[in-house]
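Here the structure is laid out as structure tokens; the discussion comes afterwards.
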Amino acid sequence: MSDLEIELNALPAPPNKSSPYVPPPMPADALPGVSTAPSPSLRDGKSNIPSAVSNFLNSIVGAGIIGIPFAIRHCGLLTGVLLLTWVGYLTDCSVRMIVTLGRDLGVNDYERLAEKIYGKRGYTLICAFMIFLAFGAMVAYCIVVGDVVPELLGVTSSPAARPVSILLCSLFVMLPLSLLKDMSSLAFTSTASCAADMVLVVIVLICAPVGSSVAAAGGFWKVLGSSIIRPKTVFSGLGAMSFAFVCHHSSFIVANSLKDPSKERWATVTHWSVSMAYTMCLFLGIFGYLGFLEETRGNVLVNFEGGDDMSSLTAGRVMLILTMFFTYPMESFVARHALICVMYGKEAACEDNPRRRQAVTVGLYVSALVLSLFLPDLGIVLELTGAVSGSFLSYILPSSMYMCVHERELMGLLKQLRLDKGILFFCCRKVVDNSKLNEDEGQPTQRERDGSVDAADAPIEIGGCQDLVGNGSFFSRTKNTIKALRPFWLPLSMFSFGTVAFVVGTITTLIGAFAPT
């Protein structure tokens, strides 16, 4: 376990001490252009840990979970399982990272955290990616409705069944719910949605024809040998996994609802929530893929035919549709809120303006409806949305904010390690340079050195290149370099992983979408 992970689980540092993870409060004049009014870091809510786990689990699992078998097909069975594990681990770390940063910088939502560190441009940028993520989810939910409702009604042979199902269900159920003022009216659906997803996983485990499918392919070991990794589509599959796990825009909501929101209690919530989501995705992904192998669709329920256990499948489809009905409005609320903030300013999002709210909601609805009618493949939507917004919100932004806050330590360490002319220094320098805004837009928050350094700062405070790297062999110097960078292992690896997933995942998904079949 790295020093950073230990700090993530630790209680707040003593008042006059500093640590690699817990920066002291910033002075009021440190952020020109950003409001310096007192703001509570985390509110003391009323939810106990089980309730918070249920709410956070519901924000993780959704339509994305039924695309995990498709993601494993694109990654390869072995690589898919490893990537799913890595994505789950990074999700657990990054949600704790941003909530802890928010606590220490005195903000209690993701957008304002980005604003406090990167200024107004940071606020606008995160809102833009939140719009893309929520809008992509809206399109995905409409596609799921078009896939599942005709199966329930037994009208799959009609070419008009899919568009009519999407139009009627969205117009008479999803749009009216989306026109509500806030999400409080849908709070009761959280536990029901989690239960529906769990039942759906069990149904797939029972009904997937794993035995016959694997036997027809020559046995499990032959299947495994032929699907270790799929280099051409592995990053597309990673995008679908990132979509399934992205939950950072709701992490502060759950953290603020937690009674006595200490670091330890929030860590317990994230560990349990992410672990349960990972377990559900793992079993559904493996059994769903092995049941249909190369025929696995973006919505795994589409693969099941009439000869299967129809009563169980019908129940699963009904639960999935109900989940889509009640989850779609929540994504619509997020997209509407972020879009109003970008177009009219964040103060406008708090104003009670029914006409504007209805106009933006209907505009988002019509756009999502049109795209869902012309995009029949759920997999492409999940992969592209996850590669773009999932990678940015889950990996790139949390790690870059951490490195920006700790700019002095990281840059000083890289210089002492003689890496100031290498690609690692260039990338880290760009992360910080991108936050250098003009005086009107605010300056990035940085940790102030106060002269009192605790033991956790020791690896960063060692002076001199000889002490950090030494003059031994190449392998010895490399080992010492890696050891010295230990406090930044997690953010550096998270940022690198997210950047590759963002760029390569977007390119490969678009190539696959437009490639001739």
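Glycine is treated like the rest: Cβ placed from N, Cα and C.
Annotation source TrEMBL lists region 'Disordered' at 11-43.
Taken from TrEMBL, the feature compositional bias 'Pro residues' covers 12-27.
Taken from TrEMBL, the feature domain 'Amino acid transporter transmembrane' covers 46-415.
Through the fold, the transmembrane segment (123-148) approaches residues 62-64, 66, 110-112, 114-115, 162-163, 165-166, 169-170, 174, 243, 246, 249, 299, 301-302, 317, 320-321, 324, 327-328, 331-332, 334-335, 338-339, 341-342, 346, 364-365, 367-369, 371-373, 375-378, 381-382, 384-385, 388-390, 392-393, 397 of its own chain, all at least 6 residues removed from its boundaries and within a Cβ separation under 8 Å. Residues annotated as transmembrane segment in TrEMBL: 123-148 (among others).
The transmembrane segment annotation in TrEMBL covers 160-179 (among others).
Residues 65-66, 280, 283-284, 287-288, 290-293, 300-301, 304, 308-309, 312-313, 315-316, 319-320 of the same chain sit 6 or more residues outside the transmembrane segment (199-221) yet have a Cβ under 8 Å from a Cβ within it. Among the features that TrEMBL reports, transmembrane segment is placed at 199-221 (among others).
For 233-254 (among others), the entry in TrEMBL reads transmembrane segment.
The transmembrane segment annotation in TrEMBL covers 266-290 (among others).
What TrEMBL lists as transmembrane segment is 310-328 (among others).
What TrEMBL records for 362-381 (among others) is transmembrane segment.
What TrEMBL lists as transmembrane segment is 488-515 (among others). Same-chain residues lying 6 or more positions outside the transmembrane segment (488-515) and placing a CB less than 8 Å from one of its CB atoms are 2, 4-5, 86, 90, 93-94, 97, 232-233, 235-236, 238-239, 242, 377, 380, 383-384, 386-388, 391-392, 394-396, 398-400, 402-403, 406, 410, 413, 424, 427-428, 431.
Against the transmembrane segment (160-179), stretch 362-381 shows more Cβ pairs under 8 Å than any other of 233-254, 266-290, 310-328, 362-381. The stretch in 233-254, 310-328, 362-381 that contributes the largest number of Cβ pairs under 8 Å to the transmembrane segment (266-290) is 233-254. Packing against the transmembrane segment (362-381) from elsewhere in the chain are residues 63, 66-67, 70, 74, 135-136, 138-140, 142-144, 146-147, 162-163, 166-167, 170, 174-175, 178, 240, 297-299, 332, 335-336, 339, 509, 512-513: each is 6 or more residues past its ends and has a CB under 8 Å from a CB in it.
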